[in-house]
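One structure below.
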Amino acid sequence: MFLRPDELFRRVNCSFYFKIGACRHGEQCSRLHNKPSFGQTILLQNLYIAPQNTAQSADGSHINLTEVQAQQIFDEFFEEVFVECEEKYGEIEEMNVCDNLGDHLVGNVYIKIFDEFFEEVFVECEEKYGEIEEMNVCDNLGDHLVGNVYIKFRREEDAEKAVQDLNLRWFGGRPVHAELSPVTDFREACCRQYELGECTRGGFCNFMHLKPISRELCRKLYNRSKKRYGRKRRSRSRSRSRSRDRRRYSRSPGGRSSRR
């Protein structure tokens, strides 16, 4: 059977890897994952760990929670708060905890933790490697997308420098896995149904579900970039955390922080 060149391309190359920079089949995929040798975008695999989806074991490593385990943790939290407040302050008639996702209702600690993570990664990468055009964090649950951080630099040489250096780094007690990504247009990589609130696949969708940052952080990063580079930032950028006493980046597990 004769094939046109574009048909041959579709048969040989993995369209998911080409568009999204990740594929659920990984190395077992029957199609080619052509990793770029240069480009503006880098992928930090599974870098972000959502606190509501994971727990920490005694040695500090992260474990995924089942729905039953998550419910048990919530029940323990609820009981601890309820009992202590009733014993200390008096009879409680009713106690409720919001499970909403809107910024004004969702557990504030989760919003704060993600904003701090975003700002920390964004600012450190921009200061060390060069101007960032766009940064996105996946809110998917599939192993190939969960916690993935995509950073698109303005210059290809900055992206290459970032990959080389970040693969020698640790973040949150885990080694960083960085690689150049074929993703150049995040509009093509994102799930349009999710953006409309209509995705039926949920967290296991194979297109990107991007996790938003707060408006306050968006403004902060926009103003920072405008001041630093004198240019407007592209539409979907997101960011990193306030400076803190203990940085999560280091050159080795438990080693000295690389930033002061």
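Each Cβ is built from the backbone N, Cα and C atoms, and glycine gets one as well.
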Among ranges 8-36, 37-65, 66-94, whichever one TrEMBL labels zinc finger: 8-36
Number of helical, extended and coil residues in the domain 'RRM' (102-183), per DSSP: 33 helix, 19 strand, 30 coil
Rounded mean pLDDT for the residues that make up the zinc finger (8-36): 75
The domain 'C3H1-type' (185-212) - residue tally per DSSP class, helix then strand then coil: 11 helix, 3 strand, 14 coil
